[in-house]
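For reference, the structure discussed in these notes is given below.
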Amino acid sequence: MSTSPAARPTSNAHLLGWVDEMAKLCKPDRVYWCDGSEAEKKRLTDDAVAAKVLIPLDQQKWPGCHYHHSNSSDVARVEHLTFICTPTKEQAGPTNNWMEPKEAYRKLGAIFDGSMKGRTMYVVPYVMGPSTSPFAKVGIEITDSVYVALNMGIMARMGKVALDRLGDSDEFNRGLHSVADCNPERRFICHFPQDNTIWSVGSGYGGNALLGKKCLALRIASYLAKNEGWLAEHMLILEAESPTGEKQYVAAAFPSACGKTNFAMMIPPAAFPGWKIRTVGDDISWMRVGEDGRLWAVNPENGYFGVAPGTNRKTNPNAMDSVRKDTIFTNVARTPDGDIWWEGMDHEAPAELIDWKGQPWKKGSTEKAAHPNSRFTAPAKNNPAISPLVDDPKGVPISAIIFGGRRSTTVPLVLEAFNWTHGVYLGSTMGSETTAAATGQVGVVRRDPMAMLPFIGYDCGSYLQHWLDMQSRIPNPPKIFLVNWFRKSAEGKFLWPGYGDNMRVLKWMLDRAAGRAPAKETLLGYTPGDSGLDLHGLDVSKDAIAAATQIDLGEWEQELESQSEWFEKLGKTLPRPLALQRELLLERVRAARKVK
């Protein structure tokens, strides 16, 4: 194994000792410390191209862009192989897979043993959050994947900046990753919250291998946030500027493939001249209480790891601009001359493609050319609508928190919670139909509290209690809303146009947060009523709007029955105030049905 003293760019004894220990376990041929420089990026990219890990795209059309296709069994997060390794099973809770920490270290240690023979061990220091922010957390990821090292260079503030922030401290996340033999039978993603450690083996896929993303920024961070009195959430952060120059900020939690990136990069419709939406973040929000008693948020990431299929100039022009240069595309389809394509792109598929498995594909094939969970990794700075406050160490003040799932029935277009506790109840009972972003059945409704079900690093009931406890810490809390862009007619057609027209719902929420919009009180919460939404210039029938905003009492009685099953699953740590909210709503629904 080769590494020279000059190649060790730190004197931090805690870090050096840990890296040596991991090298002894994994037995790489050489150890390389990443510095995050442009020169290094070029060198590692050249190495990846030489090793056929990356394929350069047409540099005229896609400057600085490359293509990667993963092992065909390694295309999504694997929730059944993702473990929370706490001292007791109760600390992990009923919604997480649990493994006893010593057993996990032993089991994975046997797979890591010698897993990097013949390979380079990359030491990837990174900071989540603006590097000078009190929010920031340092992580070190050790990996044998140059693809992972290059992706981390896009997704986080990577290299020297992280070592400078760390100094001589022992407070850093210890992340060990190896693709090993990419065997699904030997694939594990283990989180050790008490040790601030992540071990991931057997997968090169983003959510399993880019350890700063879901693993640190959500699973480990949610545990740290509970202990330290803040929130680590699966939320976009957007900036809305009105024609008068007023800026407001919202955080919104949607499960994977429910339009989070599209909402964060929304372009307001022509009927809203002068409005501007800018992106602070598209996926993760870390929120702390500021000196002014408001909730302030930063985006811990530095790039976008977005779903490609369905992204086009109509649905998300800012995302299309964000991927035009210096982007890594994974598991989309490509042409032999270095162009790319995916389902839902602006133009039809070319006559012939190379599909995501590397096989020839002809137009008219019943197989998907791009994998449904194919991705782009793009630098945030590419986004033409990025907020100038994206690197502000203070973060941005949050006026509204929005929860939203993908429901074809039951949940109306928008609701405002009566109060914080009611808002936590709405978030805790969110449901969404499953997507391709996690392996498993597609189209089944599952409860996904705050869109965090796969990402809570400890017991779910305790997590919901932490949300309730935050109320006493936030003197000036944001308002909480529930939205549903995906309601369908009896014929299966979407009732609401979505995309840029979601601005109409956002404007009402912003006006409510500022205390200047009327609302109608219903048994579910406050709604815009018949005249609250600005619908001018919208080509949608009154009947469709009425159906999208309707509250069907029969559906809600069924919904509350289903919520009861969900709450029973959470067991004895379910906060009593949330059970009470369900009981009170059930009484209101039954009373209203009797009146009818």
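Residue numbers in this text run from 1 along the chain shown.
Backbone N, Cα and C define each Cβ position, glycine as well.
DSSP gives C258 (active site) a coil state; it is part of no helix or strand. Marked as active site by Swiss-Prot on the basis of sequence analysis: C258.
Its Cβ taken as reference, N373 (substrate binding site) is surrounded by 24 other Cβ atoms within 10 Å in the chains shown. Look at N373 (substrate binding site): DSSP puts it in coil. The feature substrate binding site is assigned by Swiss-Prot to R77, Y205, G206, G207, S256, N373, S374, R375.
Secondary structure at K214 (Mn(2+) binding site), as computed by DSSP, is helix. Within 10 Å of the C-beta of K214 (Mn(2+) binding site) there are 24 other C-beta atoms, taking all protein chains into account. Here Swiss-Prot flags K214, H234, D283 as Mn(2+) binding site, drawing on sequence analysis.
The GTP binding site annotation in Swiss-Prot covers A257, C258, G259, K260, T261, N262, R375, R406, Y499, G500, D501, N502 and rests on sequence analysis. The number of other Cβ atoms within 10 Å of the Cβ belonging to A257 (GTP binding site), over all protein chains shown, comes to 21.
Taken from Swiss-Prot, the feature region 'Disordered' covers 362-388.
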Just checking: which of H234, A257, G259 have a Cα that is within 10 Å of the Cα of G207 (substrate binding site), counting only these binding-site residues? none
Among the recorded positions listed as H234, A257, C258, T261, the Cα nearest the Cα of N373 (substrate binding site) belongs to A257
Give me the count of other Cβ atoms within 10 A of the Cβ belonging to H234 (Mn(2+) binding site). 25
For G206 (substrate binding site) and K214 (Mn(2+) binding site), determine the Cα separation and express it in whole Å. 9
Can you give me the Cα-Cα distance between T261 (GTP binding site) and R375 (substrate binding site) in Å, rounded to a whole number? 12
Going by DSSP, is D501 (GTP binding site) part of a helix, a strand, or coil? helix
